[in-house]
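S.K.: Have a look at this one.
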Amino acid sequence: MRLPNLTLLVWAATSVGLVSALPQVSYKADATASAPTVKLHQGTVRGLADDNYGLEQFFGIPYAKPPVGSLRFAKPQPLGPASSHKTVIDATRFGDICMQTVAPSPLYNMSEDCLNLNVVRPKGTTAKDKLPVLVWIYGGAFRQGSTPIYNASELVQKSVEIGKPIVFVAISYRVGPFGFIGGSEIADSDSATSNAGLYDQRLGLKWIRHNIGKFGGDKNRVTLFGQSAGAMSIALQNFAYDGNNHGLWHAAIMNSGGIAPGPLLTPKHPTVEQSFKRLANGVGCTGGSLLRCLRKANASEVQTVASNLTAQAGGTFPIPGALAWLPLVDYELITNYPSVNLPQGKLADIPVIQGNALDEGTSFAQKQLNSSADFERWVRSAAVIHNTSYTEQALQKVFELYPDVPEQGSPFYNAETATSAATTSDLNSRQYPPLTSNQYKRSAAFFGDFTFQAQRRTYLKAATLGWKKNKAKVWSYEFQQNDKFANGTGSLLGPYHGADVKYYFIRPDGRQKDPVLADRMPRAYISFVYHHDPTVLGGFEWPPYGKGKKLLQMKGDNTTVIEDAYRKEAMDALTNRKAAKVFGF
């Protein structure tokens, strides 16, 4: 099946966990009295025991009212108490996943009634234990994603093995137009929001604060954990309400995601307005209140039209599909642009780990660009959100600092080690035809920096400069491990976006994992969950980012500390104050 370039963003961000779902869905519930149960105000939750890993799992626990009918596109509403003290919630199977382009497996049902979460704890955990809590926010470009595809069994088991047991929670939230729809009618409505998906996450965190103690978790030791759009969600949550997280979480791990999902728009931006109207027209809404009509439309039809809008964007990133369903600056939850609020210190002051893969852009780079003129047209359509007097100067700096020089493109040079395959800058070494294009490597470098690397640096700059208040320590890394297949070769994309996921979730994908890194990464994360310091249990050097801007190079037998100085001039050109306005940062 040939996918349009833009939809690759969705598939790459979600497919990293597809295979990992299978071990979980094979679990069988213990229907006897020995099945684990937890009493909540909404009923008694009955889970299942997993003797293979020594865990107890509770799947599909509702945390909000179903967002259907008049609640479609609205902020999530909390659940009330159970109607009867005999109410039993069957948590032995996954809940429905949220509406999206395609379900990751036919084993999962997709519906709007998807606001549920999963809890995994060590076997025998009681309310007296008060274990630290790790909360997973999935990625998927804000258009895909679900909790079942991430199997945390080994991670929780690892925590038990090293004597630092944790409770793991995964929150489901709305994506696509159901979670991130804009338009003037949405912005002007008292009953709808452009950031329903972010509000879902926050209500899920409120549920955790009120209920996780019953599962043996400590509500005062909650760490958020996310990758890609999940990491971006966490950054936005740290940034939301002018940096007020209301004590719902206390630390964060953000892998391959920064303060913004590329450009940030407002609900009334012409691109967003166009997407709203095209969605409404696509389901037959042409007059009167389009919002009211959209709420009455069949959910599957809404999703189909939304998916088609994205696909129709073809090879031009973004517009209209790619920017159609993203978090927006709504001036309520997201009160202003990062370039405005961060210098004022409006960021949650909590410990953070934040990092990227070496070649973040290779999964998304444009394969149809044949010349510098093509590249420049693509960047103009991709990056310019607000035309200002600085627009042309900003673009010329981009063209200059991301040159038509293959040696400076991505995949970037990456030296071979005993467990990590090499990536060279020689075009002739690329075995997959699109990767032999100068413009492919150029666009991969630009996209990776524009969407991921520059956003990471923006966040870390705000967190470490201590603008007005920030004092918590932060750590950063770059994942450079290019795992080898049985024949000794690695991915032709280099250490690509999502290549690190199998180091903390189960994902049998036919490649070898470096055993040292496979122990070190989860150990560092568990250490961070317990101590807000990744080195306490790790036994290796990893200094805080700080003024020295130090990164941990994660690379099998060559894990070492490096300086975060690569492509500095180029990324500064993307994020300086004048450029930030042009590019919507």
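Residue 1 is the first one shown; counting continues down the chain.
Glycine is treated like the rest: Cβ placed from N, Cα and C.
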S.K.: Check for me: which candidate out of Cys114, Cys285 does Swiss-Prot give as the disulfide partner of Cys293?
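M.R.: Checking Swiss-Prot: disulfide partner of Cys293 resolves to Cys285.
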S.K.: Which state, by DSSP, holds Cys114 (disulfide bond): helix, strand or coil?
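M.R.: For Cys114 (disulfide bond) - judged by DSSP and reduced to three states - the answer is coil.
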S.K.: Say we define neighbours as other CB atoms within 10 Å of the CB. Which of the glycosylation sites Asn298, Asn308, Asn487 has the fewest?
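M.R.: Among the glycosylation sites Asn298, Asn308, Asn487, the lowest count of other Cβ atoms within 10 Å belongs to Asn487.
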S.K.: Starting from the Cβ of Asn558 (N-linked glycosylation site), draw a 10 Å sphere and report how many other Cβ atoms land inside it.
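M.R.: Summing over all protein chains shown, Asn558 (N-linked glycosylation site) has 15 other Cβ atoms within 10 Å.
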S.K.: Round to a whole number and give the Cα-to-Cα distance in Å for the pair Cys285 (disulfide bond) and Glu360 (active site, charge relay system).
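M.R.: Distance between the two Cα atoms comes out at 39 Å.
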